[in-house]
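Working notes for the structure below.
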Amino acid sequence: MTDSLSPTLELAVELIKRPSVTPHDAGCQELLSQRLQTIGFEITDLPFGEVQNFWARRGSQAPLVVFAGHTDVVPTGPEEKWEHPPFAAEVKDGVLHGRGAADMKGSLAAFMTACERFVKKHPNHRGSIGWLITSDEEGHAVNGTVKVVEYLVDKGEVIDWCIVGEPSSTHTVGDVIKNGRRGSIGATLIVKGVQGHVAYPHLADNPIHKAAPALAELANEKWDEGNAFFPATSLQISNINGGTGATNVIPGELNIMFNLRFSTELNADVIKQRSEAILQKHGLDYDIEWRLYGEPFLTSKGPLIEATQKAIKHVRGSDTTLSTSGGTSDGRFIAPTGAQVVELGPCNATIHRINEQVLVSEIDQLSSIYEHILEELLVVGSE
């Protein structure tokens, strides 16, 4: 079977067959590291807890262009509902099926073969190439990229440009690249009351009744107008839980969870201050715990955006759209170091779904795009 596969597809198949459900790596990183060592990369394994990470670098000079990605995948859901077994990596009618095909083992394979071709053609390229790989992107994301970035900062490593292999495309590979992401902050709110009998409300204090106007104001708050790169900030209440399950008992507390996806017009401190001002305005007795998942980041212009646009135009013959839509990515840990960051990967229509799949032609084209980005950044004008 493998005789008929392109090098990129062959590697993608090998990776998908390793059931690396987060935070497990299932040997994917060992496979990648061995390939990278063969073409002159120095490998540093960086395990934290049960999470596997590695940093690889070829070259010692600036500028440094880094590929960031993850080997872990989300759980499959009921395997009997898959048309093709999720870890069989079956190829049929030009489509690669399997968990991780689009998110993001196809990208890992594409960048690997791009690097192999690039190094063979340009063994004395300027600057350096790095790989930052984790098995903790789809899970808690506490022992993965964020820890590797801390290690790199402590070592004095400076990333100039970073390509994150997240599935950014919508209809065809490269039609959309992410040049930023909104910030994400979540809150767990406990509104306190006094439990009692519904027939004697004067002897109780109903936290649901007290919280309702405050929650309505939070939900309707106009946080900002957004800007040219980001939509307006959005707050969504995701969980509300209160009561004993009985109809005749006023609950003693109400538990609420909400999340804000915010633009560069705001920061986490301002969100906390404005949210709690609303809670206090309504006289609530409450406890609140905040968790910042990431500040917003943006690469509005520069060599990385230009190189990516040129590469897509060269391979696909089409222009690309810059976007900051969607959820968070590990780019949020890399951008604060000062690096320019873009996300470029396959189409995302089936990510995290049953029957995840990617067109074989997409990952082959993606490999060519990655190779041309490297040439634009590390070759053009230097040879």
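Note that the numbers count up from 1, one per residue, in the order the chain is shown.
Each Cβ is built from the backbone N, Cα and C atoms, and glycine gets one as well.
Among the features that Swiss-Prot reports, active site is placed at Asp72, with the record citing sequence analysis. Summarising the annotation, Swiss-Prot assigns active site, proton acceptor to Glu137. Sequence annotations record features per position, and here Swiss-Prot assigns Zn(2+) 1 binding site to His70, Asp103, Glu166. What Swiss-Prot records for Asp103, Glu138, His352 is Zn(2+) 2 binding site, and it gives sequence analysis as the kind of evidence.
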Checklist entry - Just checking the recorded positions His70, Asp72, Asp103, Glu137, Glu166: which sit within 10 A of His352 (Zn(2+) 2 binding site), CA to CA? => result Asp103
Checklist entry - Can you count the other CB atoms that lie within 10 A of the CB of His70 (Zn(2+) 1 binding site)? => result 33
Item to check | For His70 (Zn(2+) 1 binding site): DSSP state (helix, strand, coil) | outcome: strand
Checklist outcome for this item: Given the Zn(2+) 1 site His70, Asp103, Glu166, its other Cβ neighbours within 8 Å of the Cβ centroid, in chain order, are Gly69, Met104, Ser107, Glu137, Glu138, Val164, Gly165, Pro167, Ser329, Gly345, Ile351
Checklist entry - How many Å lie between the Cα of Glu138 (Zn(2+) 2 binding site) and the Cα of Asp103 (Zn(2+) 1 binding site)? => result 10
Checklist entry - Where the distance is taken from Cα to Cα, which of the recorded positions Asp103, Glu137, Glu166 turns out closest to Asp72 (active site)? => result Glu137
Checklist entry - Ranking the recorded positions Asp72, Asp103, Glu137, Glu138, Glu166 by other Cβ atoms within 10 Å, which is at the bottom? => result Glu138
Checklist entry - What's the CA-CA gap between Glu166 (Zn(2+) 1 binding site) and the residue listed as 'active site, proton acceptor' in angstrom, rounded? => result 11
Checklist outcome for this item: Cα-Cα, His70 (Zn(2+) 1 binding site) versus the residue listed as 'active site, proton acceptor', nearest Å, comes out at 6
